[in-house]
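*Asks:* After the structure tokens below, expect a handful of questions from me.
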Amino acid sequence: MAIQRTFSIIKPDATERNLTGAVNAVIEKAGLRIIGQRRIQMTRAQAERFYDVHKERPFFGELVDFMTSGPVVVQVLEGENAVKAYRDVMGATNPADAEEGTIRKLYAKSIGENSVHGSDSEENAAIEIRQFFSEADIAG
Ligand code: ATP
Ligand code: MG
């Protein structure tokens, strides 16, 4: 399997509880390398653009409110089969369904405030990375 990149967000519920390092430790233990990282306050425009695929879902407004409620850490992760490897270590969207040892089982508060985002395909990873990073801010 090839070396891939994926896009990650450590969400406001995790930054608020000072869990950036704890989440990063799980990411690195899973064999993924953090090759780009920046802490930002997302604007509504950024969050709405990022979650555009969910704009018809009933939770869209709540999701944008949450993602702009505090700082997030945007990241580029690299490793073997990184898209799937990160989805595996994140765990299920709803922490009640997440496997032991996953980030969401360890730290998520609810299906909405679920601590991390990870791209769901290599194509979306490239689009999401481009929204938040220039190549000059990534060093693999
Ligand atoms: P992400 O895209 O953040 O990596 P995911 O792919 O596991 O998570 P999606 O179905 O893409 O989940 O939903 C995007 C995000 O929307 C979820 O991570 C969660 O924060 C929020 N969300 C999803 N379902 C619900 C829901 N039923 N109620 C509230 N928020 C939700
Ligand atoms: Mg998703």
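Yeah, the Cβs are placed from backbone N, Cα and C, and that goes for glycine too.
Pasting the feature list from TrEMBL:
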type	residues	note
ACT_SITE	His117	active site, pros-phosphohistidine intermediate
BINDING	Lys11, Phe59, Arg87, Thr93, Arg104, Asn114	ATP binding site
DOMAIN	3-140	domain 'Nucleoside diphosphate kinase-like'
*Asks:* Could you work out which of the recorded positions (Arg87, Arg104, His117) has its C-beta surrounded by the smallest number of other C-beta atoms within 10 A?
*Replies:* Arg87
*Asks:* Count, for each of the binding-site residues Thr93, Asn114, the other C-beta atoms lying within 10 angstroms of its own C-beta, and report the residue with the smallest count.
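*Replies:* Selected from the binding-site residues Thr93, Asn114 on minimum Cβ neighbours within 10 Å: Thr93.
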*Asks:* Under 8 Å Cβ to Cβ from Phe59 (ATP binding site), same chain, six or more residues apart: give me those in sequence order, or none if nothing qualifies.
*Replies:* Gly112
*Asks:* Could you tell me the C-alpha distance between Thr93 (ATP binding site) and His117 (active site, pros-phosphohistidine intermediate) in angstrom, no decimals?
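*Replies:* Cα to Cα, Thr93 (ATP binding site) and His117 (active site, pros-phosphohistidine intermediate) are separated by 9 Å.
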*Asks:* Out of Lys11, Arg87, Arg104, His117, which recorded positions have CB atoms lying under 6 Å from ligand 1?
*Replies:* His117
*Asks:* Including all protein chains shown, what's the count of other C-beta atoms within 10 A of the C-beta of Lys11 (ATP binding site)?
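*Replies:* Within a 10 Å radius of the Cβ of Lys11 (ATP binding site) lie 27 other Cβ atoms.
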*Asks:* Determine, to the nearest whole angstrom, how far the Cα atom of Arg87 (ATP binding site) is from the Cα atom of His117 (active site, pros-phosphohistidine intermediate).
*Replies:* 9
*Asks:* Work out, from DSSP, the number of helix, strand and coil residues along the domain 'Nucleoside diphosphate kinase-like' (3-140).
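*Replies:* Here the numbers are 64 helix, 28 strand, 46 coil.
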*Asks:* Can you tell me the CA-to-CA distance separating Arg104 (ATP binding site) and His117 (active site, pros-phosphohistidine intermediate), as a whole number of Å?
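*Replies:* It is 10 Å, counting Cα to Cα.
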